[in-house]
Every structure is written in C-alpha cells, then in structure tokens.
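Participant: Sharing a structure with you now.
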Amino acid sequence: GRRTQLLKGLPATSTVEENSAAGVSVYSFTVTVSPLASESLAILPTIVNSNPLTEAFDIESKGGLEFGVITTGNPVLDYETMPKSFDLQIFVEDTTGRTDLNILTIQVTDKNEHPVFRGNMAFQTVTIYVLEGTPPERIYQVDAADPENAKLKYSLLPATVPFSIRESGAIFSTKTFDYEKDPHWYFLNITVTDPNGLNSTKTVNINIINIDDESPYFTTKQRIYRIPEEQSPGTIVANITAKDPDDEDSPSRLFYSIQSPDRYFSINPGTGALQVSRRMDRDALPLRLHPNISLTVRVEDGPSSSEMQITVILDDVNDNPPECNPSAFRKEANENTTPGTFFIDLRNYCKDIDVDPSNNQFSFTGLSGFGNNNFVLDSTVSGRIVMTGTVDLEDPANPGVEVYTLTVRVQDSAHPNYSSKYPFYISFDNIIHIYIRIKPVNEFLPVFHNLSYVFSVSEITKVGSSIGRVHATDKDWPPTAITYSIVAGSGTRDYTSIFWISPTKGDVRILARLDYETTQKHIFTVQASDQEKSTTASVTVNVLEVNDEEPVCSPNFFSLQIPVNLAVGTNINGFRIECQDRDSDPRSFRYFIKEGNENNHFIFSPSAGSNISRLILASGFDYESGLDTNWVYSLCVHITDDNLLSARDKITHLIKTGTVALTIRVIPNPTTATTTTPGFTVVTKEENLYSGSAWYVPFTITLGSLLLLGLLGYLGLLLLAWLCTHCPPRHPPNSSEFQVLHISHFNPMLRTVMSLSTKARMILICCLFILQVTGRIYEFNSRSGARRWKKSNEPLQPVLGMQVMPSANSGQGMDRAEAPSKKEPSEKRKELTQATKTAAKPSAGQLETPGQAGLRLQKKKEESEDAGLSLPASLGRN
C-alpha cells in the first residue's frame, strides 16, 4: 500500500517500427527494491492497462531486476491502420508491500512496405483463357496497392510475348491468335514497384482456346436394326460412331444425343452406344400397333453437328402365358341334377395376348381334383365342363361334401419364352380352379321325437324358469337349423301368452305366474320349422298345487273399546274374525297373537281347527297395583295354515301367514261400551313450488302484460284522434257573427277565474272541455250551486268583447266605461235592453267598443240572476 519509486527509467517514451515481429525489444528498465525485500518481488512488473487497449506488448525478464518491454506479434503493429501511440501502465510490488505504477509511452513508426496484389492474384496464379481469332483487346485487370498509398508502376516480362500492360495495370493482347500456328500457353511475370524501389511479382498464365470450325460426320453405315421384345434395360442395340476433322491428332470430343422424343432408347453421349432404356412390350399399346421405332441421332462437337436417321424393328416372342380372368370360378348345382348338364365354357374367359398367331394358341388339359369322377372336360380346345354323375347328399355312400374343387391346366401350344418377362416363372401352365357347390334340396319334414310332451310344474315356479324341452330332427343333409315356436294355445284370459319357447334350443319357459287355483292344466301347440317345412306337436303342462296362498281374514283391521271391569272369558264386544284360504282346508288355521298382548289379557277361541275365531278376555286388568299401565293395546294377530301338518311336515312344507291388526282401548268405569268401526281419511295436499329452471314463465307473463297495456294505450290514442277528426264541435247558428276576443280583455277574465273556489274552477274547466267537444253550453249558478245544460232553443247572444264585472266579495275594482247607476232592476233591464239592441247591429266594418261589450254583458248577467242561474264569464263564445 506504500507507493515508492521502484521502477527506474520510467516514466519514459520509446519507439517501435511497424510490422515488427514477435519478441522485438521496445524498452528496458530496472526495479529497485529495499534491503528488507531481499531483492525479491511479490509481483513482477506487469502491464495492468494500456491506452488504447492492446495486447501487442508484454514484459520479459532479462535477469535479476532488469526487465524489457517486447512485442507479442498479436496483433502485428500497422502504422496505417492502427493507433500510432500506446500508453502502457506498468505495476510492480516488492515483498515488503511497496508498489509502484508508471507509464511507458510507445510510439509506432512508419516503415516502407512492399506493394501487395489484391483480388485473385493475391492468393493464386491467375489463368486467363483467350479464344483463337479474338482481336487485340484488354484481357485482364491487375489489382495492386501500396500500404503507404504511393503510386505504383506495372511491368511485364518477358518482353517478347504478344501482350502489354498499361499504367493502370490492364493487360492487353497485341495480336489475333491462331491455335494451329501460335503457342497454346503464355506465362507472364507481372511486377509492381513503389517509388522507393520495393516491388512484388506474380505470374499470369494465358491459355489459347481452340475453336472447332469443322463439322463431325458419322462412320456407321447401317440404318435398320431388328431386336426381339422384352430386352432388359441397358442392352446395346448398336454402336454409333463418328469423327471430327478437327480432332485428327487428339482423342475425339464428340457428343451424341437422340433428338426424336423417344422413351425406349438412350445413347451414351461419349461413346455413341445405342441401348435399351426401358421395357418394350410388343403386345401392349402403342407397340402392338406400331412396332417400328424411328430415331434421329445427332453428333456434335460444339457449334457444329450432324444427324442420322435409324429404325429399330421390334419382333414378337411367346412371352405371355394364357391367362384366365377370373382364374377361379364358383358354380352351383342342386343335388340330384341330371347327368350331362353343362356348367361352364372356360375358353370364353381365357386368352393369350401375344401378337403373333403362332404364339397365342393354347389348350385345356388335366381335369383333376376332388369330385372329378362326377365331371368331365368335353374338349381340350373348347374347355367345356359337363356333369356326368348324380349327387345325393343324403345317400350314405356320398361323402357328404357340398363343394367340389376341380382344377384345369391351360398351357401354350408353342414353345414358351417367359424367362425375360417372368424370371421366376417355374411352370409355364396356368391353373384354373373351379368350385362347384351342390345346393341341398329340402326334401324332408322336421320330426319331433315325441308326438306330444307332458310337463308337470309347481305353481310357485319362478317366472322365466325352464319347465322342459322339445326336440325335433331333420333328415336333410347338411343338417339345417330348426326353429321352434308356439303357434296356439299358450294364452289365458289375463295373459296373451304365459309360455315361451327358445327358437333354437326348444326350451319351454313360463312368462307369467302359474296358479293352480285358476287353471290346473295348460295345453298348447309347438311348431318345428326348417324355414321351408314345418311340423307340430302338443305340449301339456300340469300345474302342481302348492300352498302359496295366504289366509285372508275379515276384518283385517278393527278398533275396540272395553270397560276396565269386563268379566274374564267374555267375547269382547262379540268380535270374531272369519278367514279363508284358496288352497287350504278351513281346519288348517291356527290363531295366535304375535305382538302387543301385554300380560296375556287376550286370546282367540278356538285357537285352531276352524276358520272362525272369537276374541276372548283371558285375564282381568289390574291398574290399581300397577301391574297394568297400558290403556291402549295394539294387537298383531297371525293366522297360519299349518294346523293339519305334523311337526316333520312343517319343516319341509311351505307355510303361509295372514295378519289382522286390532286396537283395544280400555275405558275406566265406562257408561256405555261403544264399538267403533275402522275408517280412514284421505288428505290431499297440493303445493305450487317455483322451479328455478322455469324463470321464463314470470318473465313471459310480465312482458306480455306490458305489451298488452301498451297496445291498449295506443288503441285509445287512435280512438281519440278518430273522434277529433270525425266529430268536430258544433257551432251555434249565428257563429259567423262572432269575433275573436281582444287580448286586452283576458286579464280581467283571468282574475275572475282565479277568484273562484277550487271546485268552481274544476267545473269551469270541465265545461270548457265539453263545450269544445260537443258544442253545447253548460250553465252554473255560482250563488246557489245550481247547474244545467243550456237548451238548444234558447237564443244565444253574440259577444264581440267582454268586460267582467268585479264580484261583491272581491274587494277589487276594474276599469269600465261608466259606473252602473243605482236604479231598480226593472229599470236597469229596460236601459240595458235598449243599449243591447242598439249595439247588436253595428254598422258594417265597425267594431264594438269596450263600453258596448260591457253593457251587453251586464244585461246578460242580470237576466241570468233573474232566472236563478249565473253564466260564468269564461263561458262566452270563443
């Protein structure tokens, strides 16, 4: 951690020449250590950093404490492309922990370098090809550069060659070359020199290319070739040869080809060998119709060529055996077919596809196989198969075979030659297989082993159980499947059929419970059929009686009330039960109380041997001492039908039990014993529950209700519009005399209306509506409350203006033309009548003044008051 001057000679600056090899010394320095360090270093001098970063320098030891900076050669220093100065930080540490860090600056100096070739000439010798007859022209451009970017000079040796090089490095030919006269190769040494005399040299090879200016010609004279069909690919048909005058002294460089679009032959492009390229079948199209193949062979040596026509004739050979399609035949004949029956003519199904008639003839021989003694080959040429014997499948002498297998050999009449087409064809014969199936004839009826069958079955046999089997056989061969069925008599009044028979095995099973008490014997008819013929047999089923009925007692449920002090031995309320059993004697019943008989107070008498038994009180009740605590007894009475059976028979025989339920209520000190009869009440409860899956029901009802209300509202609007259109308000007779109210008269009217009570205003609004719709006027007396419809015969006074008089209670005045006088009503009426008459007929074009209108209204009001009615001012016309 203590920094001292350990590096002697640093910092410093040194130089190194570019392109220096690895290990070149750049600078030397020494390390000084303290006496305590024993002249040893903990860390040798190391370049810990450089600026710019590089690995081109390293430090080596020269012995002792002397060290030197050298080049590593990686990378090689280049003045033109790399930084020209590097600052190296050198670090050292001795064993006492003292360190030193100093900088050595190295400057790279420039060095004149040899020019270098670029492009292809930098890596290899360039070969240039020049065609003969080419006029002088530039044939190549030399590319070279000087590392110092100095201008270069190009030169060419030897100087005697017909080539020159320009200052730009372009090589030009100086003559037109003739391959036959001039050398075929030239070697040029290209030298490039920089201004300081440094140079580099590369070689350029010039190759003169010969031009073929003579056409080749064929030397083969044969033009027609004949070969047999089915030659294997690669078979040479002919060797086509040709020569080129330009190649007299050298091997031929001719190229052979077939110009016609042929797919059967190919030619070796170098040797001219014409060979088969694919299979050629003379018997298949198109060669079957066109066996002569024409070829156009071309030979060329570059730009010039020659052609020649040759023909290959394809000959037929016997390379196809006779073929039969199909090669296997299946025929049928009924048994006992008449001898001499014709079956098949094989020649109609066989052929030989060879083209040459001498190669497509064949014959049939060698009829063999199982059953050939019953058949014969009529002719070797025709191939007709004829039956000679009779086949009876039921005859014991007959082997019982249904299918006869015959074979017939089909072979070529001429000597075959299949090896080329069928290399693994061992036999030259074609074998035809004929399968003749003898169809059985149904000659015999099925026969039951017994004419009738009798089965005895217990009446408690389970439904579905097998009760017996019927069996029938058929003498026909081969054995046919016999189907069994019930054709009559297996039903009863309650069931359509209570028996079932297995169609294949003949097992008879029961489909319904048998009942001895109903039917003791069942007789039905079964049928055996071989699909064509059938026979029947009778089946009798005797039902064996079994104790399978339970005793049935009446009543089977009863309620009783008895007094607590009833005498022992009394027949309780005279109660008795009467039992019946369809399959048991009345003496076979036994009675005993199974449950509920606490302290054994009750018994039945007689307890056995009768179908009637009575309920007896066997012992009295004792509630005082606490022996009895139950006041209601629920007795379960069992009635069995085993009274007549011995103890040993009871183990093996089936015993049935009936039950009776009794309820006995003990009444303390009763006044009257009441016998109750059993009864019951049926309570039916219905509850509507909402199901989550039926959400659409309330949704549909709600939506339908809304749509219905909307429809009714829409129909109401349509009806109102129709009424307004077809029922306009009726106008009074003198409606033409009315004028529109002056707007200045509405304020007094509004104040008058607002001064009315709420009820009066509502009546006024209703009147206005009725007046607008019907045209009739409704009058209302504001003092007395009387109201009426104005009669249609009453005259209407025309009103052109209106001035509403203030009411007596309003306390407000209003403008008027002149104040009313305090005359008597009769006098007022006279004056108003006269004024009204004067104002009723104004002159044409003259409007009524407000004073006149007010005067007329005042008169109208007084007349209404005299009549007991007051017309509201708002009911004036318009």
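FYI, residue positions are counted from 1 along the chain as it appears here.
Any Cβ shown, glycine's included, is placed from N, Cα and C.
TrEMBL: automatically predicted annotations, no manual curation.
Per TrEMBL, the features are:
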DOMAIN    8-117  domain 'Cadherin'
DOMAIN    122-218  domain 'Cadherin'
DOMAIN    219-324  domain 'Cadherin'
DOMAIN    325-448  domain 'Cadherin'
DOMAIN    449-557  domain 'Cadherin'
DOMAIN    554-680  domain 'Cadherin'
TRANSMEM  695-723  transmembrane segment
REGION    804-878  region 'Disordered'
COMPBIAS  815-832  compositional bias 'Basic and acidic residues'
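What's the neighbourhood like for these features in this structure?
Facilitator: In the domain 'Cadherin' (219-324), helix, strand and coil residues by DSSP number 3 helix, 44 strand, 59 coil.
Beyond the ends of the transmembrane segment (695-723), by six or more residues, the same chain brings no residue to a C-beta distance below 8 angstroms of the stretch.
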Participant: DSSP on the domain 'Cadherin' (8-117): how many residues come out helix, how many strand, how many coil?
Facilitator: 3 helix, 62 strand, 45 coil
Participant: Over the domain 'Cadherin' (8-117), work out the mean pLDDT and round it to an integer.
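Facilitator: The average pLDDT of the model in the domain 'Cadherin' (8-117) works out to 86.
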Participant: Tally the residues of the domain 'Cadherin' (325-448) by DSSP class, grouping H, G and I as helix, E and B as strand, and everything else as coil.
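Facilitator: Result for the domain 'Cadherin' (325-448), in helix, strand, coil order: 10 helix, 52 strand, 62 coil.
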Participant: Just give the helix, strand and coil counts over the domain 'Cadherin' (122-218), going by DSSP.
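Facilitator: Secondary-structure breakdown of the domain 'Cadherin' (122-218): 1 helix, 46 strand, 50 coil.
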